[in-house]
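Peer 1: Not my notes, these are from TrEMBL:
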| type | residues | note |
| --- | --- | --- |
| DOMAIN | 579-620 | domain 'PAS' |
| DOMAIN | 637-689 | domain 'PAC' |
| DOMAIN | 707-928 | domain 'Histidine kinase' |
| DOMAIN | 945-1067 | domain 'Response regulatory' |
| DOMAIN | 1091-1210 | domain 'Response regulatory' |
| MOD_RES | D999 | 4-aspartylphosphate |
| MOD_RES | D1140 | 4-aspartylphosphate |
| REGION | 1-20 | region 'Disordered' |
| TRANSMEM | 520-539 | transmembrane segment |
Amino acid sequence: MLSAEQSPEPSAEQGIEPSVELRQKIPAKYKQELFAGQGQDPSEVLTVVGLSENLPFSFILPDGTFSGLYIEFWKLWSKTNGVPIRFVMAPLQDSLELIKQKNTIHSGLFRTDARAEWADFSLPIHNVQTGIIYNRSISEKSKLRDLKYLVISAQRNSYQEFYVREKYPEIELSTFSNLDEGIEQLVDNKIQAVIAELPSAFAHIAKKGLSGVFTISNEVIVSNNVFALMAKGQPELLAKVNAGIENIPINKIIDLEKKWQPRLKPFFETESTVSTLTGAERKWLSQHASFSLGIDSQWAPFESLNELGEHSGITADYIKYAEQELNIDFTPTLGMTWYEGFEQFNQGKIDIMSAVFYTEERAKTINYTNAYFDIPSVLVIKKTAFYAENLASLGGKKLGIVEGYVFKNLIHQDHPTINIVDVNSVEDGLRKLQSGEIDAFIDSIAVINYEINENEINDLVITSFTPYTLELNMAVRKGLEPLVSILNKTFAAMTEKQKSAIANNWLSIHVQSGTKLSTIIAWVLPITSLLILIIVIFFRMNKRLKVEIDARVVNEQKRITAQQDLAAQKTAMDQHSLVYVTDVNGIITYVNNKFCASSGYSREELIGQNHDILNPSDHSKDYWRNMLLGVSKDEFWHDEVRNKAKNGQLYWVDTTIVPLYDNQQQLSGFTSISTDITHQKEIIARLAEAKKQAEVANESKTNFLANMSHEIRTPMNGVIGMTNLLLDTQLNPEQSGFAKTVRNSAESLLSVINDILDYSKVEAGMLELEPLEFDLSVLLHDLGSSLAFQAHNKGLELICPANLMPSQSFIGDPGRIRQILNNLVGNAIKFTEQGEVSVHCKVQGASLNSTTLFFEVTDTGIGLSQEDQNKLFERFSQADGSTTRKYGGTGLGLSISKQLVELMGGKIGINSVKGEGSTFWFTVNVANSSKKLITESYDSLKDQKILVVDDNLTNRTLLGLLLTKWKVEHTLVDSGPLALEALRQAVEKDVPYNIAILDMQMPEMNGFQLAEKIKQDSRLCSDLSLMMLTSQGKRGDATKLKAAGFSGYLNKPIDQSILYNSLLTITGVNSPDQSLITAYSAREYPKFKARILVVEDNPVNQKVAQGLLKKFGVQVDLAANGQEALHSLEHLPFDLVLMDCQMPVMDGYEATQQIRLEDSKVLDRGIPIIAMTANSMQGDKEKCLAAGMDDFISKPVSPSKLQEALTRWLSEFKS
């Protein structure tokens, strides 16, 4: 809400000029609206910034319209003062940044000390009260201080939470995140009360349809004024805003408030205090929000401290009224008597005294308010003492008076023979009277009566009234003179009902006077009763006559009002609608001016004519006959009709026809009420044509992108495919480097193409998912394998612990999940110069049918500022221009990833600190699969003892977890010296290690140097096998490692199966030989005894396909087009066809259809056909499947994708 702000606010030093730097800080989505007026006179248009989600004050409707009390208030301000405005809607923190622009104000916020440091505030425009809402189980409306026994709640980090925790620490307060949640908890009886701002609470309750369900407390917890605010340094703007507020008629503001807050008292009432204040007084009040208050803590019932130590009593209620009306705070000063407080007041240390009697002497140094309460004073004596008829009878007696009270000087002047004795308080005076220290005591009847009843005093009696009436005034110290007039107007605005309520709440007066008073009462009572009886009889007679007269006046007024309403309705209808009336035969009997203007006929030309005069023959006679038949059956008829004007021009009307009846309820005619919709019809026609043209343009764009994709992917398949084949040959380091650069460049270009194609799908709304069954651990392993080279080429550790994920099958789109991960990991590698990139996955939530997967990609790269994070997922957006120049990229990847994540029911986000790295995370929802995956057994190494040496904590931890999973005894160390020490200790204890796994790159002593140290000590190396792990392997390492005595050599990230098989081979379980164990020897391409026909017209791509397929041991035949393929399939037996789609003579689609025909001459009409095409646009795969193909691989063809396809279709041919 308005009061709930925890974010840091802009400082005053930042100024208000719309500098380039400041424009960059403003969120991009506001810039177009905020700077729309640049280049014009700044005084022409005032920008009003509102909160986008602040029911009922300002909010955005589903159709984008701005609405709310404050929105309509500023529209009224604009209309009243002739100043054009524009609205910008934003969340709270954004709105505070936006109003730093010149000629920009906030629609309405509370005043806080933090805001006052950098902003100026207008006159108050509204007031928001905080109250208590109870659920149905609470019937009585308790005060806030009495709610210790209830479960109550407030919005988290709101003004209400802080207020209750500070003022009422004994209350056990819970919190909720938003009002909707709090109301739901109230309905479910999880809590019994909610403390909230009442307007917002009522709006949310109404939105949920729960009006009338809850009980609302009468107690106003706190009341805050609302102000417009603007950046400091704009006095002309502040003056213009304030003058405009004063110009608005009060009754119009009241109408707005009653419209939006029907249950609450309007802030701007004609009799309200604020409306009677001058502009200067309101301005002064907005700058002075808190005052210290001197009180008398022992003067009940006027004022005292209750059991909670709070200021209470008649005076306290007047103070509370002023606080609520003026939105200011009075803070009582405690721990001193009234006299001591008055001394502090005279010294200027206390701002206001709550109750001071007027004297001319004091008036010389004190600013008095008008008297706000008066009550007579009385004399009190002991019952057993003399009878004091009045003050004159106290000559020579001791009279007690509270020290500092005005009575002292007045009585001394009027009765100099009375001996006046000062007492500390009323209680002290009564006690001295009881003890005989004084003979009588004087004070107000209310105070005396309260003390006698409260303390059950039986030996004292009120004997008589005195001529001195006690008038309570407030005293205001010098320097605060405007407050005197403000308080006077505040109390003057109180109704008699309000004043009576305060008095009746505290006063219960019982006067026990002497004999003379009783005698007077005995005489007066009968006379008064008789007078009252006469008055009552007269009143009743007069009232009965008045009721009759009033009833006649009301009836006459109703008749006049009804006639005026009918006349007004007719006038309004004539201004907007086309109206004509006919008899039962369709003869026109009445037309209005609007109808004449549209048809071009005069009234004389139309009256007496049949309504067919307007029929352009577009509608048949049956059409009109059915219309008249329907209306004749006491129904109304509605349709859009085309009429013909006098000049022959056609125009459209939206028409409603209703029947008319005479006094005998017989059908007498028809009334037609229409609206001219010709313009709307023209717009609809133009929109339809524009839509048709847009669809044609979109189809052309789609065809262009499809052709572009095919034309680029075809040569790219040759480049990447041939490069992969080249890298599998014997190359020297320089040649290998050149080839890898070619492949990486080609893959980067392919990534850009994929982004562009995906972006076109996003724009067309054609981005779709393909649900498939997949193994999560396999997906993560393939990800690590595909990106390992890119990471290691930069000297980075890539940590992708797929090995630790349980083999579990899900149903989702693994291709899209991998696309997101590829983008995030690729970016992490791109923007990280040293350190590591890690990928983690976990199950965040699961149900019977679905699971939420949580992925996290963490790097130690450049990190991002908060400003860059806010725009990161926008299209074509990167951190800044320098980032694009340094690292490249289209700026589409993260935007597409966000679309994909949302398509899979998830969310995506980032946590980052500039210069410290980033963590990207996302969630996706997948379906659970009933398929049970076969879990491999890893028990063959349980008798081994292994030492792991790696300086990277993450890698070391992952290897430790794997070895624990395999039940292998192991030790983890982070350096060469510690490894040597561990090996020596194991030998000395006669429990030596069987294998040592060494990292190649370590500080102090790398893997080669450590191996050399081990080999130099015969005790350590006698039965120890060495395995090397590296992130930066290069050609020639294998030879060097074998010469250094290593038994195995693997690249990171480590594949679980490869590492396990390699260790088995080293230990002799898997028939060891003398060759070095590598990833290639631990895993090879599967072999298939099959014959495959490749149908491809591009010679380069033919060679690529042949080279790739040879790795799988298959026999390959070639065909250059579909016709050649049919010929081959008619004469030779094949096990599978790889079919290109776009070829001359006969393309792949037609060839597949010919193969599948019942009368086809091919040897096997059901042969598996896999599309191998450069077409990868939306719908291409579906087109291939519709033609009869069985699977789909897009170019460039990767060995892994080809292997997956062959395994799916040739599993029975696997050797």
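Any Cβ shown, glycine's included, is placed from N, Cα and C.
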Peer 1: Thinking of Cβ pairs under 8 Å, which stretch from 637-689, 945-1067, 1091-1210 has the most of them with the domain 'PAS' (579-620)?
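Peer 2: Most contacts with the domain 'PAS' (579-620): 637-689.
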Peer 1: Only counting partners 6 or more residues apart, tell me which same-chain residues put their Cβ under 8 Å from the Cβ of D1140 (4-aspartylphosphate).
Peer 2: V1095, E1096, D1097, N1098, N1101, G1148, A1171, M1172, T1173
Peer 1: Taking helix as H, G and I and strand as E and B in DSSP, count the residues of the domain 'PAC' (637-689) in helix, strand and coil.
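Peer 2: Here the numbers are 12 helix, 30 strand, 11 coil.
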Peer 1: Under a criterion of Cβ-Cβ distance under 8 Å and sequence separation of at least 6, what residues of the same chain contact D999 (4-aspartylphosphate)?
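Peer 2: Once residues fewer than 6 apart are set aside, D999 (4-aspartylphosphate) is near V949, D950, D951, N952, N955, G1007, L1029, T1030.
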Peer 1: In the domain 'Response regulatory' (945-1067), how many residues does DSSP call helix, how many strand, and how many coil?
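Peer 2: The composition, in the requested order, is 59 helix, 25 strand, 39 coil.
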Peer 1: According to DSSP, folded down to helix, strand and coil, what is D1140 (4-aspartylphosphate)?
Peer 2: coil
Peer 1: Give me the DSSP three-state residue breakdown of the domain 'Response regulatory' (1091-1210), ordered helix, strand, coil.
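Peer 2: Here the numbers are 49 helix, 23 strand, 48 coil.
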Peer 1: If you average the pLDDT over the domain 'Response regulatory' (945-1067), what number do you get?
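Peer 2: Computed over the domain 'Response regulatory' (945-1067), the mean pLDDT is 84 on the 0 to 100 scale.
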Peer 1: Determine how many residues of the domain 'PAS' (579-620) DSSP places in helix, in strand and in coil.
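Peer 2: Reading the DSSP string over the domain 'PAS' (579-620) gives 15 helix, 11 strand, 16 coil.
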